[in-house]
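Features of the protein shown, as given by TrEMBL:
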type: TRANSMEM; residues: 7-26; note: transmembrane segment
type: TRANSMEM; residues: 46-62; note: transmembrane segment
type: TRANSMEM; residues: 112-130; note: transmembrane segment
type: TRANSMEM; residues: 142-161; note: transmembrane segment
type: TRANSMEM; residues: 173-196; note: transmembrane segment
type: TRANSMEM; residues: 217-240; note: transmembrane segment
type: TRANSMEM; residues: 252-270; note: transmembrane segment
type: TRANSMEM; residues: 282-300; note: transmembrane segment
type: TRANSMEM; residues: 306-324; note: transmembrane segment
Amino acid sequence: QIVPLWVAPNVLTFSGFVMILVNYFLISSYDWDYTASGTSPGLVPTWVWLFSAFTTFCAYALDSIDGKHARRTQSSTPLGELFDHGLDSWATSIFVLSFFSVCSRDNGKSGISVYTMYIYLSIVLFNFMCSHWEKYNTGVLFLPWGYDISQVVLIAAYLVTGSVGVEVWHKPLLSGFYITDALVILLVGFSLFLSFPQTLYNIYRAHLKKTLKNNSLYEGLLPLVSPLLLFMLLTVWVALSPVDILAKQPRLFLWMVGVAFSNVICKVIICQMSSTQPELFHWFLFPLALVVYAAISGLLGWMEEAVLAVFTVLVTAAHVHYGVCVGRQLSEHLNIYIFSLKKRVQE
């Protein structure tokens, strides 16, 4: 009710995304290699953690009300739906990557390993993928309650860290068992034993009611091919890298994972919204496969980190370019502006 009626819903969506992006880069400037909270606690100022809690709360709130505001202003459009879910697909990884600075990298006593970070991020993105795969088949987007809990936990974790310091996360609770260990176990448990089974059950119910949007098994499973191949290639790179690329550049590598995933899922979201078939192989897979092959075969040698940096920049630029182009095309097609409720003047 406090949002002015002249504010476009996409402004709310984008504002929330920008806030978590600013927060991510702020934390990164203090903690590039995820060690500031573990081996050298106190390097991240208290105000940064409080700012993280504030931005996470604002992003969560804005993401919750943008759709309601669109209906309130009678401005619900496919552009708004795509804008919301497309930015969510990117924000999902950014939330996780920011939180890793609280947990810190494994220092032999506490923290989590970079490989656990990769698995943690993969599971979260897998859950996001399942929600939109479900909608692709059933036409209904079922958001698991775990999303709300995760946001509340994130905000609480930042507030606790800002209030009592990062040391609280690095004190064992019971016989060497840390709070961060519990969080990882809860994530895996909720994802594999609650969210994923719920997705399969919802698709099965739609099958029984004969309301599935796709008639064949091939069409139903098609959206999963590119995301799964993406994670297979990334996992091969992580496991077989001669220079242990994930340990050398965890923030850069995990950022690239989140951006590549977001672009792949955005294609699925568009196909789900337009009732069209997604392509079998996303184009990202081909350059990624070449880079992975060159890395694990030793062709890159000492240049592997540099190639990762260049590839990450190119993937990020390609994703931003894709989002801008799709947004402009839909804006022109629907005769609306992205960040304004005014109608476009047709030429």
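Yeah, the Cβs are placed from backbone N, Cα and C, and that goes for glycine too.
Automatic, uncurated: that is what TrEMBL annotation is.
Non-local neighbours of the transmembrane segment (252-270) in the same chain are 82, 85-86, 89-90, 92-94, 96-97, 100, 117-118, 121-122, 125, 128-129, 132-133, 136, 223, 226-227, 230, 234, 238, 245-246, 276, 278-279, 282, 284, 288, 308-309, 311-312, 315-316, 318-319, 322-323, 326; each lies 6+ residues outside the stretch with a CB under 8 Å from one of its CB atoms. Distant neighbours of the transmembrane segment (7-26): 48, 51-52, 55-56, 58-63, 65-67, 69-70, 73, 75-76, 79-80, 83-84, 87, 90-91, 94-95, 97-98, 337-341; these residues of the same chain sit at least 6 beyond its ends, with a Cβ under 8 Å from one of its Cβ atoms.
If you look at the transmembrane segment (112-130), the same-chain residues 6 or more away from its ends with a CB under 8 A from one of its CBs are 34, 88-89, 92-93, 96-97, 100, 103-106, 144, 146, 180-181, 184, 187-188, 191-192, 195-196, 199, 224, 227, 231, 238, 246-247, 250, 253-254, 257-258, 261, 265, 268. Sequence-distant contacts of the transmembrane segment (46-62), counting only residues of its own chain at least 6 positions beyond either end whose CB sits under 8 Å from a CB of the stretch, comprise 12-13, 15-17, 19-20, 22-23, 26-27, 30, 91, 95, 98, 102, 151, 154-155, 158-159, 161-162, 165.
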